[in-house]
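Per TrEMBL, domain 'PPIase cyclophilin-type' is recorded for 45-188. The annotation region 'Disordered' is assigned in TrEMBL to 87-110. If you look up TrEMBL, you'll see 92-101 marked as compositional bias 'Gly residues'.
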Amino acid sequence: MEQYTADGYRVAEPLSEARTTSFRRADEVLAPGKDYRAVLETSKGRIVVDLFQDDAPRTVNNFVFLARHRFYDGVVFHRVLEDFMAQTGDPTGTGRGGPGYTFGDETDNGRRHDGKGVLSMANAGPDTNGSQFFITFTATPWLDGKHTVFGRVLEGEAVLDALQRVDPSRGARVQPDTLERVYILESL
């Protein structure tokens, strides 16, 4: 990673040297009392997000666990819809893949899909979270109570805007952008 620095944070070491894409569950990797951020290196540039570990601890732990195992390396943004959101996190790139397990929702955490840059879990219904997540382009209040909000973009809204639009329901053949790597920042 081209060195990214944030006052009071350090880059957390990977838990795997090679990319790992299948697990039975997410081990506990969050340290008590620490604050977490993520640096999403995409084919269009860098997006930095604040992670809400206090409001969605299970979801943030899952995201940090997968990122530190390099699960997200090279994954495409398989669904990017104008005036809605950009979705990624599926190792198969089809919208149907995941890490090999699911976990429960944390939708009653007080966080809402209240604007651009909200980081939230994609799912196939209640308690079916895995690895897929999305970032909103605008407020999407109809998703409140259905998808767990677990972060917000701090830097990189222009990168989010630049992502190639991909609508799988239309069968259009476009080259999707990639999530090249996710780095986790942990407070000192």
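Each residue, glycine too, has its Cβ placed from N, Cα and C.
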In the same chain, who gets a Cβ under 8 Å from the compositional bias 'Gly residues' (92-101) while lying at least 6 residues past its ends?
21-26, 66, 71, 75-76, 78-79, 130-132, 168, 176
Could you break down the residues of the domain 'PPIase cyclophilin-type' (45-188) into DSSP helix, strand and coil, giving a count for each?
24 helix, 44 strand, 76 coil
Averaged over the domain 'PPIase cyclophilin-type' (45-188), what pLDDT does the prediction give?
97
